[in-house]
Amino acid sequence: MLAHRIIPCLDCDLEKPGGRVVKGIKFKKIRYTGLPWELAERYYKEGADEIVFLDITASAEKRTTMVEVVKKTCQKVFIPITVGGGIRSVEDAQRLFRAGADKISINTAAIQNPKLVKKLSKTFGSQAVVVAIDAKSRGNWFECSIYGGRKFTGVDAILWAKKVAELGAGEILLTSMDRDGTKEGFDLELTKRISKSVFIPVIASGGAGKKEHFLEAFTKGKADATLAASLFHFREIKISELKRYLKEKVINVR
Amino acid sequence: MITIIDYGMGNLLSIENAFRYFGAKVKITAQPEEIEKAKKLVFPGVGNFAEAIKNLKRKKIDLAIKNSIQKGTPFLGICLGFQLLFEKSEEAPKIKGLSIFQGKVSRLKKVKIPQIGWNQLKIQKKSKILKGLKGGSFVYFMHSFYPKPIDKKIIIAKTNYGIDFCSSIESKNIFGVQFHPEKSGKVGLKILKNFVEI
């Protein structure tokens, strides 16, 4: 049976030497936690199912490139690697795939130019294209935001999820902006609604604070995978422990 | 020396890194002569079936592959590189595959597509390539299609996703896996090591 996945996410500030991993809270405040490839290797050894790198550098003057981060990571980490942040073209994606990335994740560029999703999935295959959706609750609907949560689009997250699935996206990386960094648990309503609207895997993100949150994201939220950052970075929960817990609760994990 | 066939389809660096990780020597090539001379061949690939065949023909690699296989060179097809060994695919009904094996490649049905993630091997029989692996071992899949060999004897492992599909084959010098050993952690590295040691 296909296992539910646990994915640590590494937000990288490429302006810092080595492309330091940072942790944002509610898309704003920032703390530094370590070098991307070192953290990635630690997670690989602890049983992470995949690694996600997000380039959260706001400016264009980057000291380290994501290509370098990926190349370094791939020498020692033998699980899939997804890269997101700032990818705007087939060429951008190509560079990352050549460096060893398995999937790329796009948000802003997809909303601004939906054809890019189609182009990327035609060129690299659906399995290599993740569309990230950063959604905020507006009462009875969810609004998509872009530019790392700095701009709202008026786009309905559920309709958008269906649209990107049609365009050839292979997965949806769904972040609840309301829950991100709060440790109050994943947004189960949002996750379930998206998961039931599309026939591609959904990765739930934003709000993980304890083991139970991962369990309910799978059982109630119908997520195929769950993603978290600070919990793992600060060793509040070890991936190996989390998996042991989920196995006890009869969730199929590796 | 492991020769990885480069025909413009996907992530070769990861496979190269995985072999190098345990000290194997690796060469990447798109030259038909190099492929025919190779001691061991790895045939990776992600992407589209038709596109792959087109690239193989343009680079004149298709014949070199067939010749090497006939000579008995150990050959490992991965993901699309595994599917291409069959006669045809639902992904590109008009395109002929390499036809090393009889059978066609079908689309997964009634499940979320692509299958992305870790799934288990149901080992069917003893093999060189899966030597030392326990039944139920998890490996990483990223695919929408799977091959259906006519000769069921070559199937060494199946995996359940909606149905039990053929996820690994072995026939004399030819090995094929639908999953990505280079992305399957320790289990995957073991499989690649088995191939090196054949």
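The backbone N, Cα and C atoms fix where each Cβ goes, glycine too.
According to TrEMBL:
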- B:4-196: domain 'Glutamine amidotransferase' (DOMAIN)
- B:Cys79: active site, nucleophile (ACT_SITE)
- B:His180: active site (ACT_SITE)
- B:Glu182: active site (ACT_SITE)
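Around B:His180 (active site), taking its Cβ as the centre, 26 other Cβ atoms fall within 10 Å, counting all chains. B:Glu182 (active site) sits 11 Å from B:Cys79 (active site, nucleophile), taking the Cα positions as reference. Between the CA atoms of the residue listed as 'active site, nucleophile' and B:His180 (active site) there is a gap of 7 Å.
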